[in-house]
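Report on the structure given below.
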């Protein structure tokens, strides 16, 4: 009997030991390798560091429910993180850092009051242009915060040329990381990890090892996948849920950045919503590489160049991003050397970053890049419009001029033709013909771009043409319609006066003043009655505030004239603009600049304080679009003292 009890006890003990061993085996994660890749680095890990990292890997795998929940969130959010990192030129391996920081919980808050996916404190978030107020906290928006994190990491890496140091700087700050590392790792591509290596980097390696084979396209999610839509308010989640056909509460769950359940109208926001099933070939990532129709391509072109950051100080370095690249807006027309000295860059570097020729001027109102442009654009195609050049298109999208030429197997502006479809991402195959949009489709684009469909365009089908057969034909000026309509927000980026042998499609003649001309007030011109309202057709990306700035009127008046209950306007909507009855077009207001008439009848107007392009268009009986075209203006901004050319009607 006694032996039987001993035997039973031994069996029980063995069972407990086996169960414990089995549990330990199941809790073990992937084995930490002796050597691995991170970003562009080779990471060699010694035995002591391997054991340390292995403990963290096993801890992450120990609770299967916790691990699977984390992997599920990675499956949902990683496509957006990968895209933003890739577009900023930051290695995609950094996606494991957001997993380490917040477990991809959007409203996570640390003990030091760091918030959101990437755990930004407010000051740092504002440095990378994230909006934080009582309506919006973009730290909780995976797209915006990932873009901000990529910007932060890339800037810090510029100090080290070493992604390990840049990663640790995310925890220590740039100053702390520079003090900790010095310059010992600058430019190094092989890193040895031991017990003295920074804990934050070892913890990151543990996350990369633990989750690397448990996310991505091979991971089967029961939740479905997230789809992104771009929304510019003002609108509410209730309205948006009806439009998208999704549950309002679910919309709130995946968009906690909109703290009041409303999307404001200051800019376009990324809104996520859940869809069931398997993502169609990672549609979120792949959609930018899929060819767009010509019309879709041109509609997307209206939003380029994309300007973000502190636009009130756009003329100061480190304040704005142009197509997600550090940029600046020129305040005055000047030389490259003078501008480069002012912003603290060497002239040759500034010229190279912007693909300028040696004698090209820096043009007032034009955006320039302070960091390298990309090898491809955010969108797949662009339809060439009148007046555009290879350089202006490359600046518009932030793509290097050489890359644009290479992708399209095209050398000079003489090979461009309005209506030609250019590739901005994938190269055109050798011998492949260019595609031209049909004349009807081209006229629609031109009408959307200029507010006028009467420009003569040769009728074409979607018939391909070869580059060497394509000639740049000067396009006649648009004929004004009886109902003035303002141009849309963006115009083709103006090209500087190129000095190489490839002239642009169309270049405005320079303004020449003759000393003998007398100063005179603008002559009265035939213009529509000031009581007759102008009609503006809303273009993509426009808001009431932007229209108020363009026309020099108040938002309140725009709403009153158009019986609008709020600030919401839609693309294609017609908005009435009522000029003031106290300022007739034939008699300019008191604060009117001086003008001088040239021998050919052209007027040179000197801008006075308070004048706008809209007021000048009314004074001289021409359209805003005409003035911008005659003076090669990129937008509606003019400055006191600026010379504006008014061609003879």
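Just so you know, glycine gets a Cβ as well, placed from its N, Cα and C.
Listed features, source TrEMBL:
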SIGNAL    1-27  signal peptide
DOMAIN    380-424  domain 'LysM'
COMPBIAS  447-461  compositional bias 'Basic and acidic residues'
REGION    447-537  region 'Disordered'
COMPBIAS  475-495  compositional bias 'Pro residues'
DOMAIN    534-577  domain 'LysM'
DOMAIN    603-646  domain 'LysM'
Confidence summary (mean pLDDT) of the domain 'LysM' (603-646):
77
Taking DSSP states H, G and I as helix and E and B as strand, how many residues of the domain 'LysM' (603-646) are helix, strand and coil?
15 helix, 8 strand, 21 coil
With DSSP helix as H/G/I and strand as E/B, how many residues of the domain 'LysM' (380-424) fall in helix, strand and coil?
19 helix, 8 strand, 18 coil
